[in-house]
Amino acid sequence: MMRSLKSRKLVFILAMLFLINAIVSLKFITYSSANQLASKSKYIEYNFENKSVSPLAKYPSNVVLKVTNSTCAEGTFSVLVAGRKNANDGVIVDITKFLDFSREYEVSFYVLQTTKKLQRISVTLEILDSNDKNQVIAAEKVLLPNIWTKVSAKVQASNYKKAKRINLIVNMPTSKSDSFYIDLFTIKDLENAYVLKQENFENKNTGGFLPEDKNCKITLAKDRAYSSAYSLKVQPSQKTKNGKILFPIKGLLQKGGTYDFSLLVYQDSSKPVNFSAGIKLNDGKSTKEIVLAKQNVAPKKWTQLFATLDLDTRFSAKDVSFFVKPAAAISYYLDLYSISDENWGQPVPDYNLPSLCEKYKNYFKIGVAVPYRALTNPVDVEVIKRHFNSITPENEMKPESLQPYEGGFSFSIADEYVDFCKKDNISLRGHTLVWHQQTPSWFFTNPETGEKLTNSEKDKEILLDRLKKHIQTVVGRYKGKVYAWDVVNEAIDENQPDGYRRSDWYNILGPEYIEKAFIWAHEADPKAKLFYNDYSTEDPYKREFIYKLIKNLKAKGVPVHGVGLQCHISLDWPDVSEIEETVKLFSRIPGLEIHFTEIDISIAKNMTDDDAYNRYLLVQQAQKLKAIFDVLKKYRNVVTSVTFWGLKDDYSWLRGDMPLLSDKDYQPKFAFWSLIDPSVVPKE
């Protein structure tokens, strides 16, 4: 059922269909309806269409649970969780009887909150044995207002073989009294976790299907069913002849998602009848139907109708329903309706998230460093465009990438960054022109002897010529296209008496190369902003050396426009007060801009096998990042750009350190939410 992620188009693509006419041996997952449970079923669903709140129970007794048709993720009904008096109030579900203790399960449900602010939903496993009661947070999700959101928790049942009872507790700890809604509660083993919805009508209700025409009758039927006792019978009015039925699905759909719809159709007229299936959209002003599948259904044969829907990342509609419609005014039957998520198990971002760069548009640019592969990945591209208004090529503009051998400039990939930024109105930071790493050895090799250059005047001239040619060729090519350059990178070593790193650049040219680099870059593009960039700028000794370097260069009239503070840090170091001291120091240099160029916060060395403690570390990471941003906002007159060194954790140069805003699956961490709304980040 899985397939690789496809390019998202500007409008959502309505994709392929295939139909199987005479079905002889269809294979469906084992299914249990809500009131006919099998203890080891692979898929269990409660959709509340029977108007019962089961299996949800009050937690505690003051909570009010009510089935309502005022809103739903799918079908017709959901459960309102009201009467809350405490942040821990919510619902509890005893899931013990559903579990085979040799399997791993996904427990999921859809939740909606209608307050005017962000809220956090929490899912806790409560494990009770003969001696003890233990609670473990199984899932947490930040909810935007008025958007149905899927919340999933994995339960490794084999870890709890000695448990007498396992409860699932759902609450909204960011609010003591606000109500919320729950719909489509499912328990399924991981083999079937891609299934979002399945209806076989054995729950003795119409499963949330609705007739488009109020004169059309839909009822349960025992005279026709594919494999069990019941199916859904549709009888259009002979007056209106409208046999179209609808199934509301808006809450199930995620922007950028891919969904498979499958159902069985049976009709017993005297000839084949064409059936169509698709989606009906309502934007609040008008409706539109889009057919996903058409098929002739032969008489007296169950026929599978299958269609796939791809949603664009900008998809929006007030209401969405799946529809089935015969071309003739005949009675017909439906059975085994299902919706599957083709992207399950694959990383898919939440395209409803608030935009970071929009949040900070009145403070500074929000940037990200990305490798070239991100520009070729449509999912990465959408994330970049939503959250960032500045990008830095991670390695693609470093000397070894642009001039791997003398005179052999290679601009094709760097040009793609320029084209990408121009197309999407994103600013481009160039990184970096001069560095002691990722610079080809030929820069420092005598072209005649093959020996390493020395500090002789002749060799100095060779290296200066190479430096000038490289800078002016690169900066000149991107004149007016790169708004800021990290001209010189990491030239300071606080352990040296004079503070200069003993790199090949320094050993051959002395500190002169720094000054020359800025002058030549300015000549090539007088409007580009030129930065000195370095790490550990929070170290008092190092920042003092950098401060003196920049102040001296500016005193000589060298065109240095800003300092880049990399900010590769950890939970333990530095203290946020040192970051503020660094900003304060450089803000004393008149006209100097400050860019935070490579932010990440490593937590790896603190991590353990204890999930609760690791969650605590993620909270600490978020709180530290929030404190840093409080400082940066305070100095917004000089801090003009803030860049994160990576799009998500597995793209980071510190891959195992979980240092960025999103996890490997694009899911926002507490660090992200600390910059959007700190109130949803746990306090502990």
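Yeah, the Cβs are placed from backbone N, Cα and C, and that goes for glycine too.
Because the structure is a prediction, the values reported are computed rather than measured.
Here Swiss-Prot flags 1-34 as signal peptide, drawing on sequence analysis.
Here Swiss-Prot flags 40-190 as domain 'CBM-cenC 1'.
For 193-342, the entry in Swiss-Prot reads domain 'CBM-cenC 2'.
Here Swiss-Prot flags 350-678 as domain 'GH10'.
Here Swiss-Prot flags E490 as active site, proton donor. Around E490 (active site, proton donor), the C-beta neighbours below 8 angstroms that are at least 6 residues distant in the chain are W435, H436, Q437, R501, N533, D534, Y535.
Cβ neighbours within 10 Å of E598 (active site, nucleophile), excluding its own Cβ and spanning all shown chains: 24. Per Swiss-Prot, the feature active site, nucleophile maps to E598; the stated evidence is sequence analysis.
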Tell me whether E490 (active site, proton donor) sits in a helix, a strand or coil according to DSSP.
coil
Give me the mean pLDDT over the domain 'CBM-cenC 1' (40-190), rounded to a whole number.
95
Quick one: DSSP breakdown of the domain 'CBM-cenC 2' (193-342) into helix, strand and coil?
3 helix, 79 strand, 68 coil
